[in-house]
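Annotated in Swiss-Prot:
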type	residues	note
BINDING	His111, His115, Asp299	Fe cation binding site
BINDING	Leu134, Val135, Ser136, Gly137, Gly138, Asp167, Gly180, Asn271	substrate binding site
Amino acid sequence: MRILGIETSCDETGVAVIDAERGLLSHALYSQVALHAEYGGVVPELASRDHIRKLLPLVRQALDGADTAASDLTGIAYTSGPGLLGALLVGAGVARSLAWAWGLPAVGVHHMEGHLLAPLLGDEPPEFPFLALLVSGGHTMLVDVQGVGRYRILGESLDDAAGEAFDKTAKLLGLSYPGGPALAALAERGDPARFSFPRPMTDRPGLDFSFSGLKTRALTTLRETRTEQDRADVARAFEEAVVDTLVIKCLRAVQETGAERLVVAGGVGANRRLRQRLKEAVGAEGASVHYPPFEFCTDNGAMIALAGLMRFQAGAGEDLTIRARARWNLESKSEV
């Protein structure tokens, strides 16, 4: 079984080919970071237009890289949601058109399902069941994963996602887009003892998150600061607060569920300090921590191809309807 995967949920155009026996054969990725940088964030209309320009050339690149013809494919998987509706429609429309032209089945994949399965692309993939921390620009949630399509959300952000809070705070600090990596780099020079930010919702039961208050705290603190070192100290305090909050909630979830494996996926999962702290804290509970390869932490076609492959293997299939959902609850992604 060989699957073509297409990802266009936001500002990355990703295409990949995966084979059930040989694994990932190729992946091609185009990032729109440079396009959106001058606006300080993603402009949905520009994102959709750029997907239109780049998607078919990337499909050809991925097929050529995998030495694969259309006749070699078993099916096509595409991101059906959640995400920017216009961007999703580009990927869904192309995927359905190719499937119809080539006589192949197609299946829509939940974007966050792709992320939580991405660690299976690594050299040491975790076994089901596992606990997943999905932490990105659009989502922050803890999920009990029993198998493909068997997901139970244990907690999620009630306002800003962690990645969104990183980007917004980076903008307050005058850093370039995307802000998360830039803020982490600035925080390396910061004094961890200078400022102390709260760890939201860690003083009460439950596994939900809230990060909007940290952004406000950063703004208030910045009004009283002037120097480059001040900015670095604020960045460090912010990063420490976000990382501590994520670690505390993950540790609580491991203890409450008895999970032996924690999967961390999404762009914020590439944060070095978060990885270090989780390894120490979760490891002390006797659980292992698993990540996707670094290149698959952010949005990509490989994770969509893998999720599609696993759903096709389980007998999934859809009609010819082009489905795109700006919002889509992960728990509603039915078991296959």
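Placement of Cβ uses the backbone N, Cα and C atoms for every residue, glycine included.
Features recorded in Swiss-Prot, as mapped to the structure shown.
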| residue | record | Cβ contacts under 8 Å, 6 or more apart |
| --- | --- | --- |
| His111 | Fe cation binding site | Glu7, Ser9, Thr79, Gly81, Pro82, Gly83, Asp299, Ile304, Trp328 |
| His115 | Fe cation binding site | Leu134, Ser136, Ala265, Gly266, Pro292, Met303 |
| Val135 | substrate binding site | Ala161, Ala162, Gly163, Leu246, Val264, Ala265, Gly266, Gly267, Val268, Gly269, Leu274 |
| Gly137 | substrate binding site | Cys10, Ala161, Gly163, Glu164, Phe166, Asp167, Gly180, Gly267, Val268 |
| Gly138 | substrate binding site | Cys10, Pro82, Gly83, Ala161, Gly163, Glu164 |
| Asn271 | substrate binding site | Gly180, Ala184, Glu239, Val243 |
Legend entry - Asp167 (substrate binding site) CB neighbourhood, other CB atoms within 10 A: 24
Inset, instruction - Determine which residues of this chain, when His111, His115, Asp299 are set aside, have a Cβ within 8 Å of the centroid of the Fe cation site's Cβ atoms, and list them as they appear in the sequence. - result: Glu7, Ser9, Thr79, Met112, Gly114, Ser136, Gly266, Asn300, Met303, Ile304
Legend entry - Most distant Cα pair in Å, residues Leu134, Val135, Ser136, Gly137, Gly138, Asp167, Gly180, Asn271 binding substrate: 17
Legend entry - C-beta crowding around Leu134 (substrate binding site), within 10 angstroms: 27
